[in-house]
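Visitor: Straight from TrEMBL, here's the annotation block:
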ACT_SITE  E1162  active site, proton acceptor
BINDING   C47, C52, C55, C77  [2Fe-2S] cluster 1 binding site
BINDING   R364  FAD binding site
BINDING   Q668, F699, R813, G980  Mo-molybdopterin binding site
BINDING   F815  substrate binding site
DOMAIN    8-95  domain '2Fe-2S ferredoxin-type'
DOMAIN    239-444  domain 'FAD-binding PCMH-type'
REGION    193-212  region 'Disordered'
Amino acid sequence: MACPPQSDELIFFVNGRKMMESCADPEEELLSYLRKGLRLTGTKKGCGIGGCGACTVMISTYDPVSKKILHYPANSCLLPICSLHGAAVTTVEGVGSTKTRIHPIQERLAKCHGSQCGFCTPGMVMSMYALLRNHPEPSMEQITAALDGNLCRCTGYRPIIESYKSFAGEPTCCQLRGTGQCCLDQEGGVSSSSDRGDRMRSGLCNPEEFQPADPSQEFIFPPELMRMAQEQQGRTLVFQGERTTWISPASLWELLELKTKYPKAPVVVGNTSAGLDMKLGGVHHPVILHPNRIPELRIVSNTNNGLMIGAACRLAQLRDILMKAVSGLPEEKTKIFYALLQQLRTLAGEQIRSLADDFVSAFRQAERRKNALSIVNSAMRVLFKPGTNIIMDLNILYGGISSTTVSARKSCQKLIGSFLFKFYLEVLHGLKMMDPSKYPDLPKKYMSALRNFECRPPQGRQVYQDVDPGQPPQDPVGHPIMHQSGVKHATGEAVYCDDMHPVDGELSLAVVKSSKAHAKIVSIDASEAFKVPGVVDVVTASDVPGENGTKNEKAFAGEEVICVGQIICAVVAESDIQAKRGAEKVKIQYEELEPILTIEDAIRHNSYIGKEKKVEKGNIEKGFNSADEIIEGKMHIGGQEHFYLEPNSVLVVPRGEDNEMDVYSSTQYSSNVQELVASALDVQSNKIMCHTKRVGGAFGGKVTKPSYFAVIAAVAANKTGRPVRFILERHDDMLIVGNRHPFFGKYKVGFMNDGRIVAADIQAYVNAGCTPDESEMVIEFIVLKMDNAYKIPNFRVRGRACKTHLPSNTAFRGFGFPQSGLFAETWVTAVATQTGLPPEKVRDMNMYEGVNVTPFKEQFDATNLRKCWTECLEKSEYYSRKTAAEEFNKQNYWKKKGIAIIPMKFTAGFNMTFYHQAAALVHIYTDGSVLVTHGGVELGQGIHTKMLQVASRELKVPLSYIHLCETSTTTVPNALVTAGSIGSETNGKAVQDACQILRKRLEPIIQKNPEGKWEDWIKEAHQGSISLSATGYFKGYVTYMNWEKGEGHAFPYFIFGVACSEVEIDCLTGDHKNIRTDLVMDACFSINPAVDIGQIEGGFIQGVGLFTMEEIKVSPEGEQYTLGPDTYKIPAVCDVPEQFNVYLLPNTQNPIAIYSSKGIGEAGVFLGSSVFFAIRDAIASVRKERGLPENFTLNSPLTTERIRMVCADDFTEMIPRDKPGTYKPWDIEVA
């Protein structure tokens, strides 16, 4: 494209390298420029709207007015390159690499096991790097604040915070009684009698190994940019793109003239608002005004009335300016500053004291305490006549309710509610502080309303059993070995599907999706799409040479659409932007049909997938007849988005002969991708080669759907004869892939007065969505696991999967058990409430013990369940903390604490034998190096790391000799899905088998030369014509389930665990804080304690999200609203318990698994329910104190709104309630 003559040259630096763009496009973002233009793929695209932090880079600028260099982190996915004129950009590649040197930030994050899938890791590195450039010895508050905008779905954040604590310029623990020791190291803390003599170890990394930080080694700011900033102060810059003109005026007067000339042109500073409109709303701006170079808008100056802050100041600058101001000015002059800081969340928990006649406060409640748009916010100010209690002025403003902030000045006397009440109490307290003799004391029970939650960085202990002293030192099994790709994660060198360099002739693909939940397709008009420059073709179902998906699910919609988001056709173009623009032009005409959306609708229409699943034990009617009391209830549990950081991705490359194709896919199930692509192209599977290097998180969401995405891309590649890349946008991924199954359950439970449950009759339903997917197996698992940890003599559970017109729900970590477990604990808690007994007592008396059988007649030993229960009670100091919480609740009316301890009986694997088979291929090369391949996929769970440990032990060679390349159908055929927590052990068995075959072949040579080196043995074996390649195979665990009889050996083995959590809730806002969690897990012998503990912690935090904050919103028309991090909130750093302890039970065995290990990748998710029940405990205290019924239903997730409403009071009673049927709801309950 010829550059317009009026366009200036854009100049900036990237990692010390000068960039000069004579035709800069204002619509191009930095992320695209880095990844596609410079091939710097370490910066990741996670969401594309600045909500996840995966794309974080550091921007450095020189201010010619203050003569200072400023460093700040920025979301490159929202940053137009035209805003970077005169700036220096640092990416993760510029921080450090394995080719040059690794930065201490990268090294510590890797060695402290702060990455799992690794997709978020470069963003974590860059946020910390920017902080250290400004504050070489930051406080822990600064460290946690720096990570507020970075999301991680894998780790649970604890190891990330731990890795960065070493940079803090302050003690990072409580410094007990001034001794320099931490309370967590004391005998009375989390240790117990069972620790002694069991070789227990605490901690997973050694800080003594860290290299010191050296600020002198960082990039210097380019002097050329400093000269540019001085020379171009008075010059206006114009960048003319294909559709948009970017104007950066040099003066305020010029900005006003431009705004007059272009009244609709947005004024863009950080592009966090206009950028979202352009990305999500399809808004196009012909002219954009960028005022960052105007001195008046960047200057901060003191005035008699306060501070004058330029409108182009960043929020981080504003925070630092206000922090400096409040420390240097009298308190009576900084009231508004404090209120602003409170909104910026940097002074969370610090009480604002009013010591003058002017009172200012700000309030905010969001779905997540940090990095979340508020549900509602408010600012309030009252001014008294000096020396009196006469109000001269009162201002009340509310925001978050509508698109604009509402001033309530005219109606302030009529307003009442939680925020107003809090402000009222603050003012009363402030007046009392001003003149104790004139104003009465605030009632003691109300004082808790004034106290905000204090945010403390999480800390904890990770305790596990050390290896046997007799184990050879070079044997890595049982040691907390760093993730195989940990360093590459931290340097950005780990390659994911979309990081692969473009292939010659490559096209980009975008899909056209259904906007209707249920309708016939009348017509598809793609004529306008072909007019979009760069569009090559449109692909529909008619272009599929073979099968269009499977009998249960189609790749392209045919004559009918059955959910919003179903793929109808695809547009391929020369670039991804052109493909998306083309897809927007395709017009679909529908004939709408009546949709079924909710479980209630499905039951009414008898709309189900598969048959009813039932398990029955004992005599249910006889059991109820013998009960002292019977209760009934029901519960709704919402779904959950997978929210893996790497979107679904596929690259298809035709080889040009014999119909061969390479398919690079971010999938958990490579062989299924191969099978469906071959079927769609009507070729044999041996022509389709599927490759997966690594996946940036999956959690079940990349089991089934990636195969259909691969089919769509492969059909397009087949039609055009060119390679095709298909990378889903975050909103498309969240819409199309489906979620964890929403659940509805009904219970009838009979029990004795002493709390013993004698009968339980359960009905369970899940919302399957529009196709079977994995729903039949999910409802089977729900039915099989409904007893959780409890032995109920008369027990019946029935389950159905409901067919609706929602996107098909799919596998998700835990696979039904989080729903069934939460429901089971709900009816156990209901029994405790009804009998007036403590919940832990009812749980204890009904818990399995010793050798027992499940309701489906599988035998198991519950001894370790009891051990976990006892250990957790002791290590968590449950009873003393429960007493302390009860005392706290007596003293505080508006804040309440709750504590709960929850047991778990989980299972690994599947209820069909063939799912457990695995294969591996191991090569030894003549230089002694070893290449291992197996059928498992690296999803972040550390499977490759464990396979290297297995190979090292079996071959008796160091880890440095062994390499693991990728998962591919060309090396290991017919591999089963990596899921069910057993991938490491089944593939480990296969790798073990292959290595033992090789070692056996080498034994004669080793015996002849026992003092020889490995390399010598290998050369001799090769010269002796001994094969140095072997296939290993594991047939799998034998499991089965006879549903006709309701019995079987459904699972290979059981996993036990217990969690104790303590929380504090704010009764006025519904907010809660996770104070402490103690987890005890029966992991048996851990192959890698760092990996296993990381899985437990990450699973737990994912469970906390499921049960307390992650809420999917669906319209009455079946359209999902929550399609990105702006509307859907997963846990962040602020949601991690302040004290987070994990303890692996010692001296336990699992004889059927490799090295007596257990698969614990999913087990931690359900234990997040301990937070749910701790919140319930706090709510029960509220309701008891207020004389409200103590039998109450809590649905999941237990969001701030639900907590607030169930803590009923005068304020909740004032909320107007419309009668059902008199209005159309904004969203519907699909569970």
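Glycine residues also receive a Cβ, built from the backbone N, Cα and C atoms like all the rest.
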Visitor: Among all the protein chains here, how many other CB atoms are within 10 A of the CB of C77 ([2Fe-2S] cluster 1 binding site)?
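Guide: Excluding its own Cβ, the number within 10 Å is 27.
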Visitor: Taking 8 Å from the centroid of the Cβ atoms of C47, C52, C55, C77 as the cut-off, which other residues in that chain fall inside it around the [2Fe-2S] cluster 1 site?
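Guide: Checked against the 8 Å cutoff, the neighbours are L31, K44, K45, G46, G48, I49, G50, G51, G53, A54, N75, G123, R730, P1125.
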Visitor: Could you check which of the recorded positions Q668, F699, G980, E1162 is the closest Cα neighbour of C77 ([2Fe-2S] cluster 1 binding site)?
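Guide: Comparing Cα positions, the candidate nearest C77 ([2Fe-2S] cluster 1 binding site) turns out to be F699.
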Visitor: At 10 angstroms around each C-beta, which of the binding-site residues C47, G980 has the fewest other C-beta atoms nearby?
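Guide: Looking at the binding-site residues C47, G980, the Cβ with the fewest others within 10 Å is that of G980.
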Visitor: List the residues in the vicinity of the Mo-molybdopterin site, defined as same-chain residues other than Q668, F699, R813, G980 with C-beta within 8 angstroms of the site's C-beta centre.
Guide: A698, G700, G701, V703, A811, F812, F815, L939, T978, A979, G1161, E1162
Visitor: Run through C47, C55, F699, R813, F815, G980 for me and report the binding-site residues whose CA is within 10 Å of the CA of E1162 (active site, proton acceptor), in sequence order.
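Guide: Correct set: F699, R813, F815, G980.
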Visitor: Distance check, please: Cα of Q668 (Mo-molybdopterin binding site) against Cα of F815 (substrate binding site), rounded to an integer number of angstrom.
Guide: 15
Visitor: When the Cα-Cα distance from C47 ([2Fe-2S] cluster 1 binding site) is computed for each of the binding-site residues F699, R813, F815, G980, which gives the smallest value?
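Guide: For C47 ([2Fe-2S] cluster 1 binding site), the closest Cα among F699, R813, F815, G980 is found at F699.
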Visitor: Please identify, among the binding-site residues C52, C55, F815, the one with the smallest Cα-Cα distance to F699 (Mo-molybdopterin binding site).
Guide: F815
Visitor: Output the one of F699, F815 that, of all these binding-site residues, has the highest number of other Cβ atoms within 10 Å of its Cβ.
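Guide: That would be F699, with the highest Cβ count within 10 Å.
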Visitor: Mind looking up the mean pLDDT for the domain 'FAD-binding PCMH-type' (239-444) in the predicted model?
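Guide: Value for the domain 'FAD-binding PCMH-type' (239-444), mean pLDDT as a whole number: 73.
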Visitor: May I ask for the distance between the residue listed as 'substrate binding site' and C52 ([2Fe-2S] cluster 1 binding site), taken between their Cα atoms and rounded to an integer number of Å?
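Guide: Distance (Cα to Cα, whole Å): 25 Å.
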Visitor: I'd like the Cβ neighbour count for R813 (Mo-molybdopterin binding site), meaning other Cβ atoms within 10 Å of its Cβ, all protein chains included.
Guide: 27
Visitor: Non-local Cβ contacts of C52 ([2Fe-2S] cluster 1 binding site) (under 8 Å, 6 or more apart, same chain)?
Guide: G46, C120, G123, N150, L151, L645, P1125
Visitor: Using a 10 Å cut-off, grab the number of neighbouring Cβ atoms around the Cβ of C55 ([2Fe-2S] cluster 1 binding site), all chains included.
Guide: 27
Visitor: At the level of the C-alpha atoms, what whole-angstrom distance separates R813 (Mo-molybdopterin binding site) and C55 ([2Fe-2S] cluster 1 binding site)?
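Guide: Checking the Cα atoms of R813 (Mo-molybdopterin binding site) and C55 ([2Fe-2S] cluster 1 binding site) gives a distance of 26 Å.
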Visitor: Specify the count of other C-beta atoms within 10 Å of the C-beta of the residue listed as 'active site, proton acceptor'.
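Guide: There are 28 of them.
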